[in-house]
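> Before I ask anything, let me first share the structure, which is written out below as structure tokens.
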Amino acid sequence: MVNLDNVKNIHFIGIAGAGMRAIANIFMEKGYHVSGSDLKQSAVTDRFAGQGARICIGQCAENLQDAEVVVVSSAIRDNNAEVVEARRRHIPVIHRSDALVHIMSWGKGISVAGAHGKTTTSSMLGQVFEESGMDPTLVIGGEVDYLHSNSILGRGEYVIAEADESDGTFLKQKPYIAVVTNIDADHMDHYGSLDNVIEAFREFIQKLDTEEGLAVLCFENDKIRDLAPHLKRKYVTYGIEQPADYQAANLHYIQGKLHFDVYLHQKMLGAMQLNVPGRHNVLNALATTAVARACRIPFEKISLALSHFHGAKRRFQTKGFVGDVWVVDDYAHHPTEINATLTAARDMGTHRVVCLFQPHRYTRTKLLLRQYGRAFIQADKLIVTDVYSAGEDPIPGVSGQLIADKVKEMTGQDVTYIPDKNDLVRYLKENSRPLDLIITMGAGDIYQVGERYLAAAKEMEP
């Protein structure tokens, strides 16, 4: 493994990707000479260029120039022209997970892992540590509202990062604290079985230091509850319904804000207020509380900082209003996430909940089809468009139609399949009603539909 302390010129293939740009930004702030390529120009590539990075649109051998190390993600294939050239020139090619491990070696690592909730929990931790004067380094998968970025180089002792389980590379990390928000049947194309997923998380927790390391585990998840007795590392637990060390109770909304009480070992620590809805965000706040208190941050500072938290980009993010129609965007793409987000939307009031869903990856659509059949039960109206491939090759017979048909079969819900997302804006203009809560949902580019609908609807206002 190349020692990144001994190089200055690092090249990122696909620099605009969420995980890649977070890491590239940290190396730029650290003083490295960063270059990168991406298939198309974007606000992200423009921002890097404006900060002094050498950015190439398109990928070809000439882009490497004086690169000493090339960083790739799992989405970059071995036949990529820049990868081929790097190997021809004997330039080390490393995975972004290796670059992240190097960043985490600069301090005490706090890794947030789990099938769902990583970005929000990491963002909450960042807000709490920042407001508490800890000046952390953050490397997060989604853009953080108060940073307008998804990474920042701090001068404090803690490095807070998401641990990506999708390709197994999170097993390279050896954190000081490991959060596991949940374990679910996802990324089956990599793991092959749920048992293999569970075993990977067990290995991840076992990477903790035997003396100082701490795991923070969500006991609302049955797979984590079953795993915990077999762990050989120190851990604390959190939950709402299930008995746990940290627990939340008395959840209720006041003027759109979510209030609850926090208990530790059945003794009340205090009250909390969140600007983001849903039981899943209460759990994220409990995880944040457990980590922050383990790092000697008082509960009062934790509660105050979380009351200022307005979410991460694409996590129940308000895009705007047209009259009394509310348009929200959410990254949810796994059935568990979808159900949690729609339940939160339902709990917020008497809106008609209209969900526009863009499936993410052909493999996930095929493998989780039955779970998708019941995931949208809290939606009053569901519109499904076609699959966002995320670089995958199509699978014959797999499309958004499969999900639409399965939902109709299993729940009898009101579902419309519109394969071309370019037709969705017109559909919304013709079918939205006063007081609708419209949620664009998925990990692809479905958010653009909400933005275009808002722009079109506002043009029609008197």
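The backbone N, Cα and C atoms fix where each Cβ goes, and this holds for glycine too.
Note that the structure is predicted; figures quoted are calculated from it, not measured.
What TrEMBL shows for this protein is this:
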BINDING   Gly114, Ala115, His116, Gly117, Lys118, Thr119, Thr120  ATP binding site
DOMAIN    9-105  domain 'Mur ligase N-terminal catalytic'
DOMAIN    112-292  domain 'Mur ligase central'
DOMAIN    314-444  domain 'Mur ligase C-terminal'
> What kind of secondary structure is Gly114 (ATP binding site) part of, going by DSSP in three states?
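It is coil.
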> Over the domain 'Mur ligase C-terminal' (314-444), what does the predicted model average in pLDDT?
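Reported value for the domain 'Mur ligase C-terminal' (314-444) is a mean pLDDT of 87.
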> Find, among the binding-site residues listed as Thr119, Thr120, the one whose Cβ has the highest number of other Cβ atoms within 10 Å in the structure shown.
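Ranked by Cβ atoms within 10 Å, first place goes to Thr120.
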> Over all shown protein chains, what is the count of other CB atoms within 10 A of the CB belonging to Ala115 (ATP binding site)?
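Other Cβ atoms within 10 Å of Ala115 (ATP binding site): 22.
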> Same chain, not part of Gly114, Ala115, His116, Gly117, Lys118, Thr119, Thr120: whose C-beta falls within 8 angstroms of the C-beta centre of the ATP site? Give them in sequence order.
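What remains near the Cβ centre is Val112, Thr121, Thr181, Asn182, Asn284, Glu337.
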> Within the chain of Lys118 (ATP binding site), which residues six or more apart in sequence place their C-beta under 8 angstroms from its C-beta?
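When sequence neighbours closer than 6 are ignored, Lys118 (ATP binding site) has Val112, Gly141, Glu162, Ala163, Asp164, Thr181 within Cβ distance under 8 Å.
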